[in-house]
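Some features that Swiss-Prot has for this protein:
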- Glu645: active site, proton donor (ACT_SITE)
- Glu754: active site, nucleophile (ACT_SITE)
- Cys783-Cys789: disulfide bond (DISULFID)
- 299-420: domain 'CBM6' (DOMAIN)
- 424-492: domain 'Dockerin' (DOMAIN)
- 512-833: domain 'GH10' (DOMAIN)
- 1-28: signal peptide (SIGNAL)
Amino acid sequence: MSRKLFSVLLVGLMLMTSLLVTISSTSAASLPTMPPSGYDQVRNGVPRGQVVNISYFSTATNSTRPARVYLPPGYSKDKKYSVLYLLHGIGGSENDWFEGGGRANVIADNLIAEGKIKPLIIVTPNTNAAGPGIADGYENFTKDLLNSLIPYIESNYSVYTDREHRAIAGLSMGGGQSFNIGLTNLDKFAYIGPISAAPNTYPNERLFPDGGKAAREKLKLLFIACGTNDSLIGFGQRVHEYCVANNINHVYWLIQGGGHDFNVWKPGLWNFLQMADEAGLTRDGNTPVPTPSPKPANTRIEAEDYDGINSSSIEIIGVPPEGGRGIGYITSGDYLVYKSIDFGNGATSFKAKVANANTSNIELRLNGPNGTLIGTLSVKSTGDWNTYEEQTCSISKVTGINDLYLVFKGPVNIDWFTFGVESSSTGLGDLNGDGNINSSDLQALKRHLLGISPLTGEALLRADVNRSGKVDSTDYSVLKRYILRIITEFPGQGDVQTPNPSVTPTQTPIPTISGNALRDYAEARGIKIGTCVNYPFYNNSDPTYNSILQREFSMVVCENEMKFDALQPRQNVFDFSKGDQLLAFAERNGMQMRGHTLIWHNQNPSWLTNGNWNRDSLLAVMKNHITTVMTHYKGKIVEWDVANECMDDSGNGLRSSIWRNVIGQDYLDYAFRYAREADPDALLFYNDYNIEDLGPKSNAVFNMIKSMKERGVPIDGVGFQCHFINGMSPEYLASIDQNIKRYAEIGVIVSFTEIDIRIPQSENPATAFQVQANNYKELMKICLANPNCNTFVMWGFTDKYTWIPGTFPGYGNPLIYDSNYNPKPAYNAIKEALMGY
């Protein structure tokens, strides 16, 4: 049947109860119709999907934003799913389509059970990216959806990532946004379903800037629906008429007597789901899902990282006080599946971090919900649902790789779990199995913890040197101390039987220290110790300064000579002379060099700050600067501060700067991508102050970097500037340690980049210097204890030359040598920390 004849027949249907005008696509064989009674009601015997609450960091708003995700019945990470992004109306929220009358999850459950659609995932964002109904929020939400939410979903759920498995639909304001986002991003969406579109709908010439050419070529389904009594009917009708005039295939459905409410929106969704399914949304993409890699049982397994689920009530929840994620709203009979758990030579105990206001049981079964029972954790009350504690139980010995089922016999919140696994016969600490415990094993553990080369099987079991049931930075610290002979046995070896190694390990003695300088001890501990330098000093204007610099430090960084105004004082005129001199000094003295900094809101030349830029022209300036500078120093600078001090001090988004104000919120993504292209081997850092401990600004930067990693932005590390005031408390120092550890969990290196500890001039120097020494020592110990911390750079080394008095009146003496080049107590304290004291 020709399209012309088909259209004529459909016009005849206009006399029916549901007024219908359709210009049909060949991929949509069915016609819209009113759904049967009970289509949106929970039915007995119908498997139910799960609706989970999520939060993600948005680069558009520089904040954490909420959304909800519908996972279909039987959701499994072994399968791939298509995704519908379903938008709410003005003044609404991410809850409306599930709890505000929409019942989208129930509609989908029933359609899946009837075989009318294949299982898919539905995501309901909060579209108020500036504020409810605020116009700027429309543009912000587009960036939020495309640059943050979609990448988050694709990183955390088993979904297809191509346009032909992605749809967008919405009601009222969300209908207008479906038009706007869908039709102007046809490289992202093939199925678009505006229902009762609101006045925020773009004009036709903006929706179809090419006269409809892309829509004709790329659209798999454009479904437009509205009620005949809806005062907003004209907005969808306008688009419909344009499509008719320009031969754009679409479906236009009017519900006779329908208003602006869920009596139209739910039938619209019911039809859109089926027509999108028929048009190919949920077709098999023929993309095989790889078999999950075995997960070692003795590592910490996050509860939310399950591979299968049977429950519609379980939700991913926040875990106080750390702010992580866990599983809650569990009911009796629910179970979670964790595939390919490697129990190694034998697991004999189970440990979980749980919260429970009452008591309940968790059954541990293998390879099925009714499979072999290996143990039961009797969960004791922790007092309330927000108080978590570790609880353990013994289990029957289990070996090899099995699927684990946690079968719940009552409510409980669970953060993570792990198993106690017997150690390998080749001995703790001998990660490469060569019979020796030495720096090669330490490097292997460091690469594992950084996510560069994950350990598996026997090697991972041997890495648990403190026998805690997980492999983390504590094991790195213990192994390092063992290799340096600070300790002579691993924790627990005196009271826990360890199998005799087949080859007796020969312990490597502490590395030979070729001198007595800080750099000698730092090299033995595997870290770099450095200082910033200003041009006159590495130009040998002060011989004493120069002598200390080359003797004590293994890394240098220009204080000012490699900032934008110094390197490119006039557009396209670069001056590398001073930076090159420091590099030559470093190379002569066996030092490494950090690059500081490519992008900053300060110390920019006037031609840049006063220029008449638009987004594209300023991006070109940015790319040219980063590419030219990094290419000049390619292979010679090991760490680059790509961007410096970009977060507002409040933590509420990026600070105002020429980069943010002209390019937009995504300018950092471009900067890091340009940097990686210029020098693929350099480590790329974001550097900032007041982000060392846990707090609003620190949390904002962490969430920003985590989001960048999830989106594939090539960032390797974060620089903690560490400009401190003397007298840091143990609690404050512990907070720094916690912050470093959370970066390790997402595979991010931490460098201490600009350390100084300023002292109030009113304090007694003798007492203050000792407090300062203790603070420096604790900072070094924190860095040594964390394998993702390998750089310890001070912002100068002598109180004779420091920026502090001129910037912080009433403060001084921040460094480790006094003004006469005498080592202060802080110098010796750092050395003691490096020696393991």
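In case you wondered, yes, glycine gets a Cβ from its N, Cα and C as well.
Feature map: annotations from Swiss-Prot on the structure.
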| residue | record | DSSP (3 states) |
| --- | --- | --- |
| Glu645 | active site, proton donor | coil |
| Glu754 | active site, nucleophile | strand |
| Cys783 | disulfide bond | helix |
| Cys789 | disulfide bond | strand |
Quick one: give me the count of other CB atoms within 10 A of the CB of Cys789 (disulfide bond).
26
Could you count the residues of the domain 'CBM6' (299-420) that DSSP puts in helix, in strand and in coil?
0 helix, 72 strand, 50 coil
Could you check which of the recorded positions (Glu754, Cys783, Cys789) sits closest to Glu645 (active site, proton donor), going Cα to Cα?
Glu754
Sequence gap of 6 or more, Cβ distance under 8 Å: name the residues on the same chain that satisfy this around Glu754 (active site, nucleophile), in order along the sequence.
Cys532, Asn687, Tyr689, Gly719, Gln721, Cys722, His723, Val793, Met794, Trp795
Within 10 angstroms of the C-beta of Cys783 (disulfide bond), what count of other C-beta atoms is obtained when all protein chains are considered?
27
Where does the mean pLDDT land for the domain 'GH10' (512-833)?
92
What's the number of neighbouring CB atoms sitting within 10 A of the CB on Glu645 (active site, proton donor)?
21
